[in-house]
Structure formats: C-alpha cells, structure tokens
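Undergrad: I'd like to ask you about the structure that follows.
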Amino acid sequence: MKLNKKIGLIIIDGLGIGKEDNTNAVHLANPPTLNYLINNFPTLQISAAQQNIGLLENQAGNSEIGHLTIGAGRIILNDNANINNYMKSVDYESAVLSNIKNEIVHIVGMYSNGLVHSNYEHIHWIIKQIIKNNNQVVLHLISDGRDDYPYGFAQFIEQINALKKQYNIIVKSLSGRYFAMDRDQRWERTQKAFNAMFVKQDKICEKTFLEVAQSIANSYKSDEFVQPVVFNDDEKYNLKPHQKVILANYRSDRMRQLAHLLKPNKKFHYNNPFLVQDVNLITLVPFPDVDAIALFEKQNLNNTLGDVFNKHQIKEARIAETEKYAHISFFFDGGVNKYYSTKTQYLIPSQKVATYDLCPQMSAHLITKTIIDHYFDHDVFIVNYANPDMVGHSGNMQQTIEAILSVDHEIRKLYDFFEKNNGVLMITGDHGNAEMMLDDQKQVITSHSVNDVWFIITDNKVILNSTQKFSLANIAPTILEYLNIAQPIQMTATSMIKKICE
C-alpha cells in the first residue's frame, strides 16, 4: 500500500506536562522546537497513567505499558494487575510451586513499591506458596531507588525482618538494580550481582542486613546503586545444579541478562565464568528467549498497529537506542517478538557511561541520522528518544534540561526534513518524568509521574477532538484514520481526529 504521506511517530520518553515552575525540567529548558510545534499545530494533552491506560489510581505510567498501549490501541490489563487477579483468587494454586517439596529454593526480586518491574506482594505470595511443602527459601533482594523514592528501601526493613522470622527465610544478598537489572549488556554489573547471589565469596559483609539497609542513605547516591553484598556464606545456600531459581520481577527487559547467567541462551554471547549447570528457572510470566517455566500466562494481543501495517504491506522502521529498544519492538508489538517482512528494526548503541547524566545527549543524533538516511526506504517510522527519561532518573536537574534540549534539537531537524519531504510527525510521550523533578518539599524525585503527555500532529488540515479526554490507547486508531485504514475490532479505543479538511 502506497501512502500519500510518510508518518513519523516520535515517542519522547519521560516527557510529561507539569507545573510551570522550577520543579519542572521541561519548563526550565523552554524547548524552542516543541514550543513552536505545540503553538502552531493541532495538539492535545492525553493521559499516560492511572486507570486511563489500565493502571491503578495514582499509579504512574512506565515505558512498558506506555509502548504496549500505544501499539495495541486499547486499554490493557498489565502484568501486575493480571498476576494480582490470579493471586487473589481463592481457588488458585500454582501447580508448579505446589510440586516443589523439601528443597532449597532461591527467589530473586526487586523489593519495591514502584510497580514498574515488580511488586513486593508477589514475593510474599511466592514465599507463602513455597514454604507449604517444607522448602527453605533463600532470598536475594534487589533495591530500587529509580521507580520508587531514592531511599524508599528503608521503609521495607521491618517488613522484611518480619518475613525472615515468620518463614525462617535466609536473606542471602542485596544488590542495587544498577547491577542486578542492567539491560545494556554491561556484563560486569550483572556478573557482580550474580556472584553475590549465587557464588561462594571469600569475604562476606561484616554488617547485618539491617545495618546495611539502614545505612544506604549515608553510603550511596540512592537505593539503585547499592553495591552487591552477601550476608550469609554458608556453603549449603550457594546455588547448586538442579536447584530452582524464581525470578519474581514480571517485566523481562531488565531480568534477561541475569536469566542468561543462570541459563544461557542464544540471544547473548557472554559466558558466565561461574555458570551452575542445569538450574531450573521459574518466572512469573513468559520471558522472550529465556528457557524457564512461567507461573502465569500473558495476554495474547492480536491486531496491534504492527499487525495492521504488515497486513497492508506498509513498510515500517522501528528505531531506538539500546536502552529503549525492547519498547519499540517487543512491547510495542504486544509483549511478544514479532517478525514481519515489512518491518525493519534499527538498534542504535547507547553510550557506555556509568549514568546518563554524564552524557545527556545520549545517542539521539544517531537516531535522527538513521531516520533521515533511511527515509525513502520506509513508509512509517516508530521512534523513541530516551533522553528525558534516562537522564531524569538521575535526579540531576541541569543535565535533564540538557537532555530535553538535545532531543528538541533533533526534533527540529526531523520536522524540517519531514516538512520538505512530504512527511508528518506525530509526537507524544510514553509517561511523565522530567517535568516533575522535585516534590513540594524540594526533595529530588527520580521516579515517573502521573502527568499527561502531549500529542502533536504537524498537519494543520487535521482538527482534533478537544471535547473528549484521550489516552495513549487512542494514538494507534488516530494513525489509522489519518492513513484511511480501517481499524480492527480488537482496537477498542477511538481516533482523536474530529475532521480532516480538504
């Protein structure tokens, strides 16, 4: 199918709409290109959080559910909510867990209230299932500090100690997510976390779990950066062949490297020097390219935007840097890896820096160059610029401003190029972050927000419906109406277009 215009769906990660004050890096950046587009083209403020995209009340959006919702064109029950429904069912009992008897079972999970990658209540549920059959639980904790408050882990100390006593749990290790949940193949980080969890150490931490947890605020930039520590060096609690490891995070992108160190797969080429043979891996939901038994099924999403493009032989390009590559591929396609002859995916390597506030421009210029270089090869471009989110997570206001201005500069180049070459940009965010860097007490916020995001279309022939509240779910139907393509019945959201003038 030949399109009259090329479309660029530009997702600016972590760019929300906030108060116009000094807590808002977007306001302080005063990005000239975005300001120009907002003031001169059809624009709406749309929801990227809470019930409007299938989350809980007051729950912030995130990149996974954001891209999932944009690609699906409908409100989706996310993994957290889906798992909760199973766990709350009186009749539900996991056949997998109930068959584990008289064993040592390792549980790895991020103990957080952020609900982006994990839910600490899921760890509780797994423990309760496991201890029914005379099993010994060895717990490997991951601290957050990124999707939760920077030092939010301290609030869980009493709760974790109560769990230890009630169920005779061994808390063997603690690692910040910076190490345990890397997703950019910085294997030295993942290996360090793995070693603390599963490998015999020459030296263990001289402090107790309680002492370490209480001292994080004085020792680290945030919970995210806690160095992997070992609290128990008893040989019998090191990982052995044929033992079971349960990964209690439901989101796969930041667990796949650790999973690879436990059970190697063809996706990665890194070799674990301390590989334990024949480990039995269990996950909450299926992880792509991971050899594991899943406790719960994921929803099967058909007729996503990518499916529709493929059906109509529309050539699309998916472009993002490493940090967000899974979002414009796996998540955008409904939480599965789909391969179409009509789709080309371009992976732009992320900069190799410790944290992105050290390089706020990231690889944005290479993303833009890739779009322009391949403009005439494709009909539609699905693009993610990661800067406001990845730098916003650092809590560094000035560098987040730089990140926003870097993306704004790239948007200017894209707008000029698309305008000259019969193209239209549709610009949005997947969730808020950079617009809310400080709370009312001027304390740093590193997590996402519940704020709305922009939807901009650079075509003044389009009149958007300003009388209705829309969300990320309405973007796919809007694209299809703009292209005059019938919307599949599975896309239950509606288009935001009121009228297209001749």
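One-based numbering along the chain as shown.
Using the three backbone atoms N, Cα and C, a Cβ is placed for every residue, glycine included.
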Undergrad: Going by Swiss-Prot, H117, R146, D147, R177, R251, S252, D253, R254, K324 bind substrate; tell me which of R183, R318 is listed for that site too.
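TA: Matched candidate out of R183, R318, per Swiss-Prot for substrate with H117, R146, D147, R177, R251, S252, D253, R254, K324: R183.
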Undergrad: From the candidates H365, H409, H448, give the one listed by Swiss-Prot for the same Mn(2+) 1 site as D389, H393.
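TA: Matched candidate out of H365, H409, H448, per Swiss-Prot for Mn(2+) 1 with D389, H393: H448.
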Undergrad: Can you pick which of D13, D21, D379, D459 Swiss-Prot lists for the same Mn(2+) 2 site as S63, D430, H431?
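TA: Given S63, D430, H431 bind Mn(2+) 2 in Swiss-Prot, the matching entry from D13, D21, D379, D459 is D13.
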Undergrad: Which entry in the list of binding-site residues, H117, R183, R254, H431, has its Cβ near the fewest other Cβ atoms, using 10 Å as the limit?
TA: R183
Undergrad: Since the record lists D147, D389 as binding-site residues, which of them has the fewest other Cβ atoms within 10 Å of its Cβ?
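TA: Each of the binding-site residues D147, D389 was scored by Cβ atoms within 10 Å; lowest is D147.
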Undergrad: Near D147 (substrate binding site), which of the binding-site residues S63, D389, H393, H431, H448 can be found within 10 Å, Cα to Cα?
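TA: Passing the 10 Å Cα cut: H393, H448.
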Undergrad: With an 8 Å cut-off on Cβ-Cβ distance and a minimum sequence separation of at least 6, pull the same-chain contacts of H393 (Mn(2+) 1 binding site), or say none.
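TA: Listed in sequence order: G14, R146, Y356, N433, T446, S447.
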Undergrad: What's the CA-CA gap between R183 (substrate binding site) and S63 (Mn(2+) 2 binding site) in angstrom, rounded?
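TA: Rounded to the nearest whole number, the Cα-Cα distance is 14 Å.
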